[in-house]
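*Asks:* Let me begin by handing over the structure; questions about it come next.
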Amino acid sequence: MDPNNCSHLNLEVDPFLSCNNTFNQTLNPPKMDNWFHPGIIYVIPAVYGLIIVIGLIGNITLIKIFCTVKSMRNVPNLFISSLALGDLLLLVTCAPVDASKYLADRWLFGRIGCKLIPFIQLTSVGVSVFTLTALSADRYKAIVRPMDIQASHALMKICLKAALIWIVSMLLAIPEAVFSDLHPFHVKDTNQTFISCAPYPHSNELHPKIHSMASFLVFYIIPLSIISVYYYFIARNLIQSAYNLPVEGNIHVKKQIESRKRLAKTVLVFVGLFAFCWLPNHVIYLYRSYHYSEVDTSMLHFITSICARLLAFTNSCVNPFALYLLSKSFRKQFNTQLLCCQPSLLNRSHSTGRSTTCMTSFKSTNPSATFSLINGNICHEGYV
């Protein structure tokens, strides 16, 4: 793809799909700075391909573990498997489309693709951030308000909540599908007309400002603010619990407190990864939306934009590996899946892991949860 094609717009006309244009040229397009090297258009899709492959391996393995290992089917893990499903959907649909813009000078996926791809990606982003919010709420209830937990039909209720998250995410993405279209754009300075998949016409500078700000608030600021409030109360409760615990307290109680801390930290790591990976993409889109009439063809802007896009998609492949590092039981199951074709190693893994299964705080024999008495309250413990 000729980088000059995108130089006419100072923003990715779709915050999740960079501009893919079909030109009707009457004059030579304005050239970007001399820094651009043609090899970049092959390196970037290769990086996309690496992200897709790694993400597929991690998320498919994670979903397979939660579907086939009965002891892993609990409240937090059900949310995490829903999160993995959303990431998987993003990687197999939107990531290849995003990579294709560097290899083609035109939009390859027609009008239907122009409406469907933004819808899928916004749905996936919604599933990710709203599931993280639900996970934070679950940790808040388990740690701060354990008396509110009801053991009966816990998994069924969580399944309904996960389904509701998908429905809400799809409803919020409907405007993206309705208004996204192959819009003709005309550049007065060069007398060029091109077709681009965009969520709004090019005629009004207010459209990108509204679109970028709404996306930033609904899919980033508001959910992360809610999560921050939850974690403030979680941290405060854990600190108070540590102070109130007797010096020679019950060993089981101490283990339960440590389990709660690990679970809260796991969810917090997921939240931190999402915030870190998606913030640059939102910031760049806001910058472009509020500098709509200007054109930035600098190397810094180009590299920053590419890195922001790659970082956003990287978020869809890192969660399984973060869970691998944080959870002993998931690490064991992940190794079991990878070593399934090596019986001797698999048997050795089972024999060494069986003695520690009952001690790890990330695995439960109860499909929904376990309950214990801590500081006079019934405490709900989920596992990852």
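Cβ from N, Cα, C; glycine included.
Swiss-Prot feature annotations, pasted as is:
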type     : residues      : note
DISULFID : Cys114-Cys197 : disulfide bond
CARBOHYD : Asn5          : N-linked glycosylation site
CARBOHYD : Asn20         : N-linked glycosylation site
CARBOHYD : Asn24         : N-linked glycosylation site
LIPID    : Cys340        : S-palmitoyl cysteine
MOD_RES  : Ser351        : phosphoserine
TOPO_DOM : 1-39          : topological domain 'Extracellular'
TOPO_DOM : 64-77         : topological domain 'Cytoplasmic'
TOPO_DOM : 98-115        : topological domain 'Extracellular'
TOPO_DOM : 138-153       : topological domain 'Cytoplasmic'
TOPO_DOM : 176-209       : topological domain 'Extracellular'
TOPO_DOM : 236-265       : topological domain 'Cytoplasmic'
TOPO_DOM : 287-299       : topological domain 'Extracellular'
TOPO_DOM : 327-384       : topological domain 'Cytoplasmic'
TRANSMEM : 40-63         : transmembrane segment
TRANSMEM : 78-97         : transmembrane segment
TRANSMEM : 116-137       : transmembrane segment
TRANSMEM : 154-175       : transmembrane segment
TRANSMEM : 210-235       : transmembrane segment
TRANSMEM : 266-286       : transmembrane segment
TRANSMEM : 300-326       : transmembrane segment
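Are these features on the surface or tucked inside, and what touches them?
*Replies:* In this structure, Cys197 (disulfide bond) is part of a beta strand by DSSP.
Confidence in the topological domain 'Extracellular' (1-39), given as mean pLDDT, stands at 44.
Here the topological domain 'Extracellular' (98-115) is broken down by DSSP into helix, strand and coil counts: 9 helix, 0 strand, 9 coil.
Cβ atoms under 8 Å from those of the transmembrane segment (40-63) belong to residues 1, 80-81, 84-85, 87-88, 91-92, 95-96, 98-100, 102-103, 306, 310, 313-314, 316-321, 323, 330, 334, 337-338 of the same chain, restricted to positions at least 6 beyond its ends.
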*Asks:* With pairs fewer than 6 apart in sequence excluded, do the transmembrane segment (210-235) and the transmembrane segment (78-97) have three or more C-beta pairs that lie under 8 Å?
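*Replies:* These two segments do not touch.
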*Asks:* With helix taken as DSSP H, G or I, strand as E or B and everything else coil, how many residues of the topological domain 'Cytoplasmic' (64-77) land in each class?
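*Replies:* Computed counts for the topological domain 'Cytoplasmic' (64-77) are 11 helix, 0 strand, 3 coil.
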*Asks:* Using a Cβ cut-off under 8 Å, which residues of the same chain at least 6 positions beyond either end of the transmembrane segment (116-137) come close to it?
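*Replies:* Distant Cβ neighbours of the transmembrane segment (116-137) are 14, 16-17, 76, 79-80, 82-83, 85-87, 89-90, 93-94, 97, 109, 161-162, 165-166, 168-170, 172-174, 176-177, 180, 197, 199, 215, 219-220, 223-224, 226-227, 230-231, 267, 270-271, 274, 278, 315-316.
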